[in-house]
Amino acid sequence: MDAPIKAPTALNTEKARALAVALAQIEKQFGKGTIMKLGAGEVIEDIQVVSTGSLGLDIALGVGGLPRGRVVEIYGPESSGKTTLTLQVIAEMQKIGGTCAFVDAEHALDIQYAQKLGVNLQELLISQPDTGEQALEIVDSLTRSGAVDLIVIDSVAALTPKAELEGEMGDSLPGLQARLMSQALRKLTATIKKANCMVIFINQIRMKIGVMFGSPETTTGGNALKFYASVRLDIRRIGSIKKGDEVIGNETRVKVVKNKVASPFKMAEFDILYGEGISRLGEVLDLGVANHVVEKAGAWYAYRGEKIGQGRDNSREFLKENPALAIEIENKVREALGIPLVQAAQGSAEPEKAAKPEKVEKADKPVKAVVDKTLAAPLAPVAS
């Protein structure tokens, strides 16, 4: 049986007065808004997010993308797609008018590849610092300006402390990088939140020696980043995509290892095509089949009873030639999953009027549809 609710007593009144005095003193010393009741004042806004460029990963993150004003860590083995994923995030941020910076500590950014992924090089800020301290000071200055929306650091392993650079080869300097990262993150976290700036750290994997139980894998830079990161993504290459004997891309799996804004431990799989980046249309097909928006019978894919292609590659090419139809299918998938819809590009037809495959009586040839020139506009960015 629940205990009866007690009426306010003199003791409770005294506690309320003492609390009011303490709050007034704190606001006088540190400024208005330093402390307040969570239900008072302004309405708490929903988490602002930026798409990753992958529909499946946006869904796995639970909020439709990566959160702004937070620290994010993306780690994985070599050539697993870490830099590609961050460049896609930069492209998505630029589509909604955000200012982005890339701190290239590895001195290995391929600007031609970045451009192919949709990055606007004219608007991208880039820095190639000499030391780890210099790199993190640059990040601190950019976040304090309040004018930058996204900063990518590639990578934590390349943030070499100045003392290590000035020392001799073979010098033992334990813990220098870990202390550097710990100090920097203590300093940066509050500023990142106030500036609503997302900071993405790319990290590498190392093997711990003598581990008998559990995974021997660990990330560089100590434990501070593990604690301060709101989202941690583990990205792995799980296979190759071939066209004949030629390898044209990687099958990639991303696991949400840590997530402070939604449920963790979800996974997403997508294709990364060389020279193109994440195959969004391939994801639309796969998620369409999984959510019963697209029908699949044998090798044939169909939408609303109309065949759109034989085989995944042919169907993906058909959607590439018919962007309005691709938007329509993607919105059906988004509607089924309960996430915000994507808007059609200006100058394109409405999704309901999108070009549809012609009906065929015989299924011996791929369907060819006549597409109006006005439907050739690219897919619109995902609304964050």
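From the backbone N, Cα and C atoms, a Cβ is placed for every residue, glycine too.
Per Swiss-Prot, the stretch carrying the note region 'Disordered' among 126-145, 346-365 is 346-365. Taking the Cβ of Ser80 (ATP binding site) as reference, residues of its chain lying under 8 Å away and at least six apart in sequence are, in sequence order, Ile235, Arg236, Arg237, Asn250, Thr252. Of all Cβ atoms in the protein chains displayed, 8 besides its own lie within 10 Å of the Cβ of Glu78 (ATP binding site). Listed binding-site residues: Ser79, Thr83. The one with the lowest count of other Cβ atoms within 10 Å of its Cβ is Ser79.
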